[in-house]
Amino acid sequence: MLLRLCIIATLLVSHCVAVSTSPATRDTNGEGLLVQTSSGPIQGFFNQTAPDVRQWLGVPFAEPPVGDLRFSSPVKKQPNGTVNAFALPSSCIQQTSNSSTIYTTYETGFLISGGDSEDCLYLSIWAPRIENIQSQQRPLPVLLYIPGGGFTSGGEASLYKIPDKWVQRTQSHIVVIMNYRVNVFGFPNAEGLSEPNVGLLDQRMAVEWVAANIANFGGDPARIALWGQSAGAASVTAYSYGYPEDPIVAALIADSGAPNIVDNEDYAHTNFTFLASLVGCDGLSSTEELSCMRNVSARKLQTALSTYSGSPSISFTPAVDNKTFFANWTERAITGKVAKIPLITGSNTNEGAGFVSFTPAGPSKSTLFEITESIIACPVAEEVKNRNLANLTTYRYQYAGNFTNISPLPWFGAYHSAELPILFGTHYEYGGPSTQYEWDVSYAMQALWLSFVEDPTRGPVRLAVGNVPANPTNESYFAWPAFEQGSDDLLVFAEGGKVMQLVGAGRIDDYC
């Protein structure tokens, strides 16, 4: 399982692309743009790309994790004047790679933009106009998104994952996206530290901040869904085990990931000590080593980590601490040590295409299938099985879309992350126009995700929209059935010309 994360970490790397988020309107007269929070007053804006969406980009939820706070648990942000939240924040320090993948050659819209920095613990918020919220007579549900990146890279500044157009269209939900520390800065696992997984603690602090403050933005703190993809999905599901009695959120969504994709066996803390030796902090006690590493420049650490090519490789991902990350997820599930809240989870039919070095012809179908199953699909299936053992409500899907503006070469198919432009509603923006079928799939998936957070107890439902029925049998109402082992309750999107259809999960599970 360590190989799974090594592959994800190597291929989902950071490269810079341009994102423009310049504010067109900074208004404080009744528009609900200046919001009081525990971090101080936050000034937002409108712009022309989504004129009915209030945006706050780069809202601090923790103090900058620099100096003595490097490698330490996050510290709540203290107010220090008005924050002008007008631009997406820098991502946390990235571990980079020169690998050639479909993301670096064709689909750069998934890559982060705007550079990276240690001062990175920010989140961004997209909400409808205040008068549109007030007309709905209750606060809005909230999707709180954790980006992926193999726990070594990633952040909120990614073209395909900017939700302003989605919020503009629905005017019925709020989206929040967070940054968190990654690689050695987020998962140092140093002998001198009591907390090896401070990146996961960053995520928890972001959840706490949103729960405490989202009402002031028009959101409902009782209707927050924690949503993530890839490493973000692993974080979401791990979160449910780490906070079984106090999850804060009401629902979970995990796209293409589960906690068992991570197997960090560095119990002796050797990775941190080895990295320390590369930057001049060798031969020290654990306390001295930690102090020395806190005084090395962030760029020097980044360069040492990103350029080391020896064997065995070194990586920094969540380590077992039996507080935020556990050695036996099945045992946690069957003993009830998991949050009793519902989950949507699933995988894509051709995840493997995102984890191979790019060639125009691509690997064989059998190779891609084996990678898909081993790295993502089977770990997700195992997590679903664990939740079934714990009698937890789980809705399971598979995404099969192969749209040319997202997958320009036929062998790409529904690769790792390909569902995200469909869900965020950005599928038409960067690779050419979308077909009506693609729009129909997007609307269906968005409707189900949103209905889930609107009422997690009821579960995801969908009404017919225009000429598009709610499901393939032309009914006007579709209720997604909770998944049970051996049932035909796997909801497949975008396959065989159908928007969605229920099938058996043997197409995945029989090969695990």
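Counting begins at 1 with the first residue displayed.
Cβ from N, Cα, C; glycine included.
Between Cys92 and the candidates Cys16, Cys120, Swiss-Prot records the disulphide bond with Cys120.
Just so you know, the Cβ of Asn80 (N-linked glycosylation site) picks up 10 other Cβ atoms within 10 Å once every protein chain is counted.
Glu351 (active site, charge relay system) carries a helical DSSP state (H, G or I). The recorded positions listed here (Cys120, Cys292, Asn402, His416) include His416 as those with a Cα within 10 A of the Cα of Glu351 (active site, charge relay system). Listed recorded positions: Ser230, Asn322, Asn328; maximum Cβ neighbour count within 10 Å falls on Ser230. In this structure, Cys292 is the one among the disulfide-bonded residues Cys92, Cys120, Cys292 with the smallest number of other Cβ atoms inside 10 Å of its Cβ. Note: the Cα of Asn322 (N-linked glycosylation site) and the Cα of His416 (active site, charge relay system) are spaced 29 Å from each other.
Under the three-state DSSP scheme, Asn271 (N-linked glycosylation site) falls in the helix class. When the recorded positions Cys92, Cys281, Cys292, Asn295 are ranked by how far their Cα is from the Cα of Asn328 (N-linked glycosylation site), Cys92 comes first.
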